[in-house]
Amino acid sequence: MAYSATQSKSGYQAGVKDYRLTYYTPDYTPKDTDVLACFRVTPQPGVPPEEAGAAVAAESSTGTWTTVWTDLLTDLDRYKGRCYDIEPVPGEDNQYFCFVAYPLDLFEEGSVTNMLTSIVGNVFGFKALKALRLEDVRIPVAYLKTFQGPPHGIQVERDKLNKYGRPLLGCTIKPKLGLSAKNYGRAVYEALRGGLDFTKDDENINSQPFQRWRDRYLFVMEAVHKAQAETGEIKGHYLNVTAPTCEEMFKRAEFAKELGAPIIMHDYLTAGFTANTSLAKWCRDNGILLHIHRAMHAVIDRQKNHGIHFRVLAKCLRMSGGDHLHSGTVVGKLEGDRAITMGFVDLMRENYVEADRSRGIFFTQDWASMPGVMPVASGGIHVWHMPALVEIFGDDSVLQFGGGTLGHPWGNAPGATANRVALEACIQARNEGRDLAREGNDIIREAAKWSPELAAACELWKEIKFEFKAVDTL
């Protein structure tokens, strides 16, 4: 029986619902305009997967635990989420992929905040579920067209920088905390003069007592302009404008613009999607590139059976707006299986991506010509990784070496030069038809013969490896 025996004089039955009767609809064919979601569901013992999947659909759309008389005032069948398919997760006990379709009318136009509030806002605390993970979403073109997306995109960025045919090189200034503004600017100048395209604030450098944001901006932009004049190349530094309030964030962004900064930075998860979308629109209006850091992502996406997969967070960022997004390295110190990583990298920068379960892509995604986001590979990488990084990420990426630049035994500028020489050698070898995956080490050794900076870097980091099995696998 779907409800308790309690009868109501108002024409409905009160009591606890059996979600399967309303929200499990295996005969439903999703519409082109539906938002689709794939959840990895681990039901509590004794809860059938159909009930668990239906509960997810209900609690993330129109459902509540009991029947209420106001149900009679609307067309619930039009607005409800529907669990239309359930598959057991291969190799796992009591885990299921539950596919849910949501009508487009459930979501506010142009609001990632509202979309996530609906789909994942409340259901993750549901008692009938032992664990729940949002693996993927399909955003219909009709909904995508309500979002601006990235402020500029990959091609516009290349045109602004006048740099083509290779990945861009970056460096995070270290130590991330504790430097005075003047010493921080000095490190920026040396790295840019040595051959890098960008330097970067780390995610947690905002405006602390040892270095207030205005002082940092002034010294950093002095360094950028000086390095630019000396090298003849366009340079930039990701000035972090993340702030306690949106008003303060825009104040910092405006000051960066006044100083001639070509790019600013934002921590999109800790600051929130509302702030990020607002900043992305400001960046488009003001012609400034937007670098996005994913600080806090692993709190949300690291566990295999609970949370939100990063491919969903990456899709949300593309909709909310950002020109760069950190994506892991595959070969460095941070978590990342190659197939899974390249799956969400393609979702960041390609216009049309086919479903491919081997890469964790559950739905075909048409981005409807929305500009792409450039993936940023950073975290524990050095010159020996360069061939693999170029082979894995291709030209439309930023390769960011923090310790791999500033840890050079001769200093920041030689560290930057070593990375630039290694990159140029790999690009030339690739363009000549050489196999970077097979001949990468030989290519680096050959280049090191005529670059003492690269030779010193090769000697320093020849034994450094991060060999841990990736957690993020299907």
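Backbone N, Cα and C define each Cβ position, glycine as well.
According to Swiss-Prot, the features are:
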BINDING   ASN122, THR172, LYS176, ARG294, HIS326, SER378  substrate binding site
ACT_SITE  LYS174  active site, proton acceptor
BINDING   LYS200, ASP202, GLU203  Mg(2+) binding site
MOD_RES   LYS200  N6-carboxylysine
ACT_SITE  HIS293  active site, proton acceptor
SITE      LYS333  site 'Transition state stabilizer'
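Taking the features listed in Swiss-Prot, we show where each one sits on the structure.
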residue	record	contacts (Cβ under 8 Å, 6+ apart)
ASN122	substrate binding site	GLU59, SER60
THR172	substrate binding site	THR199, LYS200, ASP201, ASP202, SER378, GLN400, GLY402
LYS174	active site, proton acceptor	ASP202, GLY402, GLY403, LEU406
LYS176	substrate binding site	ASP202, GLU203, ASN204, ILE205
ARG294	substrate binding site	TYR268, LEU269, PHE310, LEU313, LEU317, LEU325, HIS326
All-chain count of other Cβ atoms within 10 Å of GLU203 (Mg(2+) binding site): 20
Pairwise C-alpha maximum, in angstrom, for the residues (ASN122, THR172, LYS176, ARG294, HIS326, SER378) that bind substrate according to the record: 36
Remaining residues near the recorded Mg(2+) site, that is with C-beta within 8 Å of the centroid of the site residues LYS200, ASP202, GLU203: THR172, ILE173, LYS176, ASP201, ASN204, ILE205, TYR238, ASN240, MET265, HIS293
DSSP three-state assignment (helix, strand or coil) for HIS326 (substrate binding site): strand
Neighbour tally for ASP202 (Mg(2+) binding site), based on other Cβ positions within 10 Å of its Cβ: 18
For HIS293 (active site, proton acceptor): intrachain residues, at least 6 apart, with Cβ closer than 8 Å: GLU203, ASN240, MET265, HIS266, ASP267, TYR268, HIS326
